[in-house]
Amino acid sequence: MSKVAIIGCGAIGSTIAKAIDSGLVKAELIAIYDIVIEKCVDLSRSMMRMKPLICTDLECLLINKPDIVVEAASQEAVKSHVPYILEKGVDTVVLSVGALLDPQVMERIREASVKGRSRLFVPSGAVCGIDGLKALSIVGFKKVKLITRKNVKSVDEKSLLNLGYKPSDITDSTVVFKGSAEEAVVKLPFNINVAATLKLATDSEVEVEFIVDPKTPRTVHELIAESEASRIRVIVENVPHPDNPKTSYLAALSAISLLKRLIEERVVIGT
Ligand SMILES: NC(=O)c1ccc[n+]([C@@H]2O[C@H](COP(=O)([O-])OP(=O)(O)OC[C@H]3O[C@@H](n4cnc5c(N)ncnc54)[C@H](O)[C@@H]3O)[C@@H](O)[C@H]2O)c1
C-alpha cells in the first residue's frame, strides 16, 4: 500500500488525512508534520484507523520512506522543504502554489526532481478548467484573466492592511488589487493560489483582479482565456472550508482527487 506523509495539519491537511483514514484514499498515512505540534496531536487523536508518526522536523517525516508527501502548509514550507524531499526521490504534491512562481524556487525544484527522479504535482485546487488551459497552452493565449471575488472574512487581514485597506472599512464591493499573478502571490499569499496555478498551467501572462465583497457568501473565481483554438470562460462559486474561510473546500477535495489518481487509477480521465 502507498505510504503518504503530510506537512501542515490545518484545514486542507486534515481533510486529506481524514480521507486516508476513512479509506476513501487507499493509502497508509505514515507521518504528519506541523510547526504547531498541537495541530498534529489533535489530528492524530481524531483518526479512527491510522496512527501516523507525529513529527516536528522534516527528517522525521521522511524516516519511514513515504511514497508521496503532501505539502498543505505555506509558501515558506514549499521553499524550505520541497526541494529536499524531491531530491530524496519522494513525489510531492504542493498546495501552496504561490511559492512556485519564484523562479529560483522553481529552478531548485526542477534540479532536485531530476536528481531524485521524483515528480512534483500541483492539484487544480480551487479552480476548474486547468485541463483545457493545459491543452490550449500548446497554441498559446491572447489573454488570460482571473477575477476573484471573496468575502472580507475570507481574506487575510494582514494582506489587506498591506494593500492599504482596513477590513472594517470595506462595506461595499471593492477592487483591492489589480496586477500580474507574480505580484498577486506576493501581496495576497494566502488568498490567490489560483492565480499561480493558472500561471503555471498557461505559461502566459495572467491578469489578476481581486475584489473584496462583504455581501458574497462564496469565493467566486471567474477565469477568461482567449486563444486561437477556444475562448474559455469558467465561473466557480466555492463554499469556504468550514475550518478555514480563506480556503475553498474544493481545494481540499481537488488534492484528495489527485491523490486517488496517483495511487489508485489505472484508467486516467482528463488532461
Ligand atoms: N491550491 C489552491 O487552490 C489552494 C487553495 C486554498 C489554500 N491553498 C494553500 O494551501 C495551504 C494550506 O491551506 P489550509 O487552508 O490548510 O491552511 P491552514 O492555515 O488551515 O493550515 C496550514 C497549517 O500548516 C502549518 N504550517 C505553516 N507553515 C508551516 C511550515 N513551514 N512547516 C510545517 N507546518 C507549517 C500551520 O501551523 C497550519 O496548521 C496554504 O498555503 C494555502 O494558501 C491552496
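Using the three backbone atoms N, Cα and C, a Cβ is placed for every residue, glycine included.
Per-residue pLDDT, averaged along the domain 'Aspartate/homoserine dehydrogenase NAD-binding' (8-123), amounts to 97 for this model. Summarising the annotation, TrEMBL assigns domain 'Aspartate/homoserine dehydrogenase NAD-binding' to 8-123.
Applying an 8 A CB threshold to same-chain residues 6+ apart, the list for A126 (NAD(+) binding site) reads N193, V194, T219, H221, V236, N238, T247, S248, L250, A251, S254. In the three-state DSSP reading, A126 (NAD(+) binding site) counts as coil. Positions annotated as NAD(+) binding site by TrEMBL: A126, N193.
Shown for the domain 'Aspartate dehydrogenase' (171-256): DSSP residue counts in helix, strand and coil, namely 25 helix, 36 strand, 25 coil. The domain 'Aspartate dehydrogenase' annotation in TrEMBL covers 171-256.
Under the heading active site, TrEMBL lists H221.
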Recorded positions near ligand 1 among A126, N193, H221 (Cβ under 6 Å): A126, N193
